[in-house]
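According to Swiss-Prot, the protein carries these features:
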- 13, 16: Cu cation binding site (BINDING)
- 2-65: domain 'HMA' (DOMAIN)
- 2: N-acetylserine (MOD_RES)
């Protein structure tokens with residue numbers, strides 16, 4: 001089932017953006033993604049699990065959390 005996962009990722013430069021794009025490009029099930037450095041926002045669409053996307057982006061070393069973490073417990 002296709003779904004959208006939105007993350008807040010601490011990115012400070014194009015190198016950060018490139019690292020996030022690289023890991024998402026290799027992730028199975030990802031159909032498309034958008035990385036917005038100004039908003040610190042990463043939107044991923046595809047047949048993916050939110051926790052798996054969070055863990056994959058966290059591997060870049062960037063501080064990562066679900067976009068709307070209020071009321072949710074994010075496990076990293």
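The backbone N, Cα and C atoms fix where each Cβ goes, glycine too.
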To the nearest Å, how far is the Cα of the residue listed as 'N-acetylserine' from the Cα of residue 13 (Cu cation binding site)?
30
For residue 16 (Cu cation binding site), name the DSSP secondary structure in the helix/strand/coil scheme.
helix
When the pLDDT values for the domain 'HMA' (2-65) are averaged, what is the result?
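The answer is 97, the mean pLDDT of the model over that range.
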If you count other Cβ atoms within 10 Å of each one's Cβ, which of the recorded positions 2, 13, 16 has the most?
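Comparing the recorded positions 2, 13, 16, the most crowded Cβ belongs to 16.
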With DSSP as the reference, give the number of residues of the domain 'HMA' (2-65) in helix, strand and coil.
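When I sort the residues of the domain 'HMA' (2-65) into the three classes, I find 22 helix, 22 strand, 20 coil.
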